[in-house]
Amino acid sequence: MNIGLIGCGNIGKFLLHSLNVDRVLPDCRITSVYDERQKMNPSHLEDPVYGVQYYSDFEQYIHSGIDLVIEAANIQVVQEVAADIVKHRKDLIIVSVGALADAEFYEQLKNLSHTYQTKILLPSGAIGGLDVVRAAMSAGKLDSVSITTRKPPKALSQDGLTGEAIIFKGSASEAILLFPQNINVAVILSLAGLGCDNTSVTIIADPSVERNKHCIEAKGSFGKLTVQLENDPMPGNPKTSFLAALSVLSTLKNQHETIQIG
Ligand SMILES: NC(=O)C1=CN([C@@H]2O[C@H](COP(=O)(O)OP(=O)(O)OC[C@H]3O[C@@H](n4cnc5c(N)ncnc54)[C@H](OP(=O)(O)O)[C@@H]3O)[C@@H](O)[C@H]2O)C=CC1
Ligand SMILES: O=C([O-])CC(=O)C(=O)O
């Protein structure tokens, strides 16, 4: 499978290395990278390290023989290109899932993926427990869902703190507007469960932690779920957990499995 990538930051570079150098999924290879900000002429450039071509022209990129696109850039990029990707009948993995907190945009993409018979895949990212939340939700057995995220101050632009500080308390809808690079996890949790307006979020900057910690709690007539994660951050971006990058590989791998677990 030929993959198109958008976003060559921490997650993107990890994917390039894992898929094109380590060949962890031998059938999958990133062949094309898109960044419309790069005004190149000619509009594509070959990368000798990863063997990919870079495109700043969307039409050339989307017609470069790719089967699926992975977005690992930011929410704005999802808003700008996701619909066009689906309209070109390419499957799409969205990592900046915060873009889908906009219910109208979410519905638009859902309808397009139905019309154009494509799949939009949303990795679990830096958290777990979504299987339980979805299962409870599917029969209306879910009453409340919350996530408490605790990160080192530098990840939240709160350098200089000497003690822990709650920097946000509210809904996932509000959280993703204020912390678009830090709380995509709250949006995927919301999409699995009660929606962005009904999922509670607390964000704490804590100088005593080095890992990104997420605590998910869900309650309903199914019982109670508590998931605690202590994620190592990506080396180049303290905001982003390594698990988020791994979850993209897992999503890719899962696509081809005939037996689906969970
Ligand atoms: N779902 C989840 O659980 C998680 C989601 N995320 C989200 O995943 C995304 C990627 O994370 P991460 O790799 O750590 O982020 P980085 O900031 O390290 O990388 C983002 C990359 O996207 C590039 N970029 C920005 N604008 C464009 C554009 N218009 N076209 C193409 N590329 C562009 C940036 O380039 P430049 O630096 O030159 O601007 C940068 O290289 C982020 O949105 C992050 O918030 C992260 C962790 C968990
Ligand atoms: O990687 C993490 O721990 C969470 C994160 O940045 C996000 O959800 O945006």
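Glycine is no exception: its Cβ is also placed from the backbone N, Cα and C atoms.
Some features that TrEMBL has for this protein:
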type	residues	note
DOMAIN	7-123	domain 'Aspartate/homoserine dehydrogenase NAD-binding'
BINDING	ALA126, ASN184	NAD(+) binding site
DOMAIN	162-249	domain 'Aspartate dehydrogenase'
ACT_SITE	HIS214	active site
Taking only the Cα atoms, work out how far ASN184 (NAD(+) binding site) lies from the residue listed as 'active site', in Å, as a whole number. 12
Which entry in the list of recorded positions, ASN184, HIS214, has its Cβ near the fewest other Cβ atoms, using 10 Å as the limit? HIS214
Of ALA126, ASN184, HIS214, the recorded positions listed, which put a C-beta under 6 Å from ligand 1? Please answer none if none do. ALA126, ASN184
Taken over the domain 'Aspartate dehydrogenase' (162-249), the predicted model's pLDDT averages 97
Which chain-mates of ALA126 (NAD(+) binding site) that are at least 6 residues away have a CB under 8 A from its CB, listed by sequence? ASN184, VAL185, ASN212, HIS214, LEU229, ASN231, THR240, SER241, LEU243, ALA244, SER247
